[in-house]
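Visitor: Here you go, one structure.
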């Protein structure tokens with residue numbers, strides 16, 4: 001369904017002087033958070049355990065899917081198209097109705113929190129597309145990233161500019177005018193502005209050139225070395241597994257293989273069916 | 001040829017009234033464009049929101065007058081304005097909670113919100129009439145003129161007089177202050193930036209921890225403030241009649257679309273474009289022409305269109321803009 005169809009339905013006048021064709025948000029912002037429960041003994045830093053669910057009243061996309069990230073590590077979710085990689089990410093972030101399973105972060109059960117409150121609980125999320133505010137300047141984008149913070153954000157902004165020098169150069173420019181790679185850097189920078197305790201990246205290298213992709217991977221590794229755990233969905237499975245401490249191969253919304261990046265790269269079945277030889 | 005007298009006649013009959021009217025339209029169009037940019041629909045109830053806000057302000061003004069409180073040379077309505085805004089904000093927040101929020105949660109197509117706003121329009125229409133009646137109300141008090149015709153003639157010795165009503169001067173001054181404050185708010189404050197962020201990308205605003213419902217509430221409060229101010233200024237300048245506020249919706253939409261919907265700067269420019277065209281086209285230019293070309297005796301009043309047809313001007317501007325520059329003068333979103 002195109003944006004125009006979403007805005008106008010399938011009939012009638014399509015005059016944008018009556019209706020703003022900008023697509024609406026997909027997340028229900030009016031949903032309230034439920035209570036935060038205690039975590040479980042021996043939990044990893046983040047775990048989405050036994051998650052089953054789908055969008056709205058639609059069919060389940062995830063089936064008993066479990067994803068976990070340990071402190072200071074990089075975990076990647078890989079899998080064929082339509083395997084539910086991004087959906088798993090969204091489920092962990094609370095953008096999906098979970099029918100079963102729970103999400104626990106840093107010793108708390110946050111299953112009932114809405115996405116806004118998960119940001120406050122320390123999750124930073126970078127969506128795959130539409131991950132910047134195009135009409136705002138780079139600096140304003142970063143400021144919006146730090147929206148929930150009440151303290152001085154100058155230090156964090158300087159750190160982001162150190163990590164992505166190009167953003168400092170373009171800080172007065174509208175984000176919509178940036179190139180694809182610069183946009184992704186800005187998107188990651190925006191998420192870092194909250195000083196999250198966990199960073200979630202949904203295909204950060206989608207649609208960028210190979211050179212930019214290598215650079216982005218370098219930056220992501222640099223962020224992880226700084227001690228920030230990272231959960232990442234990635235199309236470029238080989239490269240992702242090379243940097244991953246833990247990798248999850250999803251097939252049709254369920255865990256197919258789990259292990260360290262190296263283990264999975266050496267796993268015959270994974271190579272044959274998925275990495276292409 | 002008498003350029004000075006012609007200029008004074010032009011200022012008196014065209015420029016000053018059009019500037020005041022343009023400022024009123026601009027404030028109205030700003031509210032429409034804000035709702036369009038952030039809530040994604042054209043709010044047909046905006047004219048009646050203006051009427052409701054003005055009605056509340058008039059009631060408070062009467063109460064103040066009865067209590068013997070006045071602002072000296074300025075209209076008492078200015079003192080009543082904050083209460084009028086508060087009342088209107090309460091009403092629009094209530095309608096949002098009762099009507100629009102339901103559709104927002106359902107993720108309904110925005111065209112449904114437009115239709116809902118038509119319903120809200122009729123409701124507010126009735127509410128205003130119940131509150132203050134259908135008749136014309138004049139509530140301007142204080143000094144009537146900043147400059148009146150006789151003083152101007154004596155001062156300058158010109159044959160043509162110039163009058164500047166207090167309400168006209170006030171309209172322009174208040175509009176400038178309000179517009180400055182709005183732009184300062186949108187570009188410099190955290191909440192204002194959050195509104196722009198939400199209008200750019202709702203999901204990402206949510207992911208940044210911006211509470212969408214708060215943004216929506218803030219938008220309604222600001223729109224209610226703009227509507228009430230625009231309505232009171234219009235009422236002071238002319239007179240308050242609920243039906244006129246329903247009619248003014250057309251030039252307001254024309255202004256917002258001419259400037260480019262969703263673009264606040266465009267709304268202001270659009271307001272003045274519409275106002276100046278309307279006044280210039282319905283003004284009989286005979287007097288000005290008389291000063292400029294003393295020998296010329298045209299057969300008519302040199303009036304392009306009777307004042308009864310002034311709304312046709314908005315229509316024509318609307319059509320021309322939509323045909324030739326559908327995104328408006330300032331690159332808005334209309335297509």
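Cβ atoms here come from the backbone N, Cα and C positions, even for glycine.
Remember, TrEMBL labels are computer predictions, not curated facts.
According to TrEMBL, the protein carries these features:
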TRANSMEM  B:6-39  transmembrane segment
TRANSMEM  B:51-71  transmembrane segment
TRANSMEM  B:77-96  transmembrane segment
TRANSMEM  B:108-132  transmembrane segment
TRANSMEM  B:168-186  transmembrane segment
TRANSMEM  B:215-236  transmembrane segment
TRANSMEM  B:242-261  transmembrane segment
TRANSMEM  B:268-286  transmembrane segment
TRANSMEM  B:306-324  transmembrane segment
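What does the local environment look like for each feature on the list?
Guide: Within its own chain, the transmembrane segment (B:6-39) has Cβ neighbours under 8 Å at 46-47, 49-50, 100, 104, 113, 152, 156, 158, 160-164, 167-168, 171-172, 174-176, 178-179, 182, 195, 198-199, 215-216, 219, 222-223, 226-227, 229-231, 233-234, 237, 248, 251-253, 255-256, 259, 261-264, 266-268, 270-276, 278-280, 283, 287-288, 291-292, 332-333, counting only residues six or more beyond its boundaries.
Sequence-distant neighbours of the transmembrane segment (B:77-96) (same chain, 6+ residues past either end, Cβ-Cβ under 8 Å): 45, 49, 52-54, 56-58, 60-61, 63-64, 69, 71, 120, 123-124, 127, 139-140, 170, 216-217, 220-221, 223-225, 227-229, 232, 235-236.
Proximity of distant same-chain residues to the transmembrane segment (B:168-186), defined by a Cβ-Cβ separation under 8 Å and at least 6 residues beyond the stretch ends, is recorded for 16-17, 19-20, 23-24, 26-27, 30, 74-75, 78, 146, 192-193, 195-196, 222, 226, 229, 233, 236-237, 264, 268.
Sequence-remote contacts of a segment are chain residues at least 6 beyond its ends whose Cβ falls under 8 Å from one of its Cβ atoms, and for the transmembrane segment (B:242-261) they are 25-26, 28-29, 32-33, 36-37, 42, 44, 46-48, 50-51, 54-55, 121, 125, 128-129, 132, 134, 231, 234, 267-271, 273-275, 278, 311, 314-315, 317-318, 321-322, 327-334.
Only residues 6 or more beyond the boundaries of the transmembrane segment (B:268-286), in the same chain, are considered here, and those with a CB under 8 A from a CB of the stretch are 13-14, 17-19, 21-30, 179, 251-252, 254-260, 298, 300-307, 309-310, 313-314, 317, 328-330.
Residues 247, 250-251, 253-254, 257-258, 273-274, 277-278, 281-282, 334 of the same chain, all 6+ positions outside the transmembrane segment (B:306-324), place their C-beta atoms under 8 angstroms from a C-beta of that stretch.
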Visitor: Looking only at residues six or more beyond either end of the transmembrane segment (B:108-132), which have a C-beta under 8 A from one in the stretch?
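Guide: Same-chain contacts beyond the flanks: 39-45, 47-49, 51-52, 55-56, 58-59, 91, 95, 99-100, 240, 242, 245-246.
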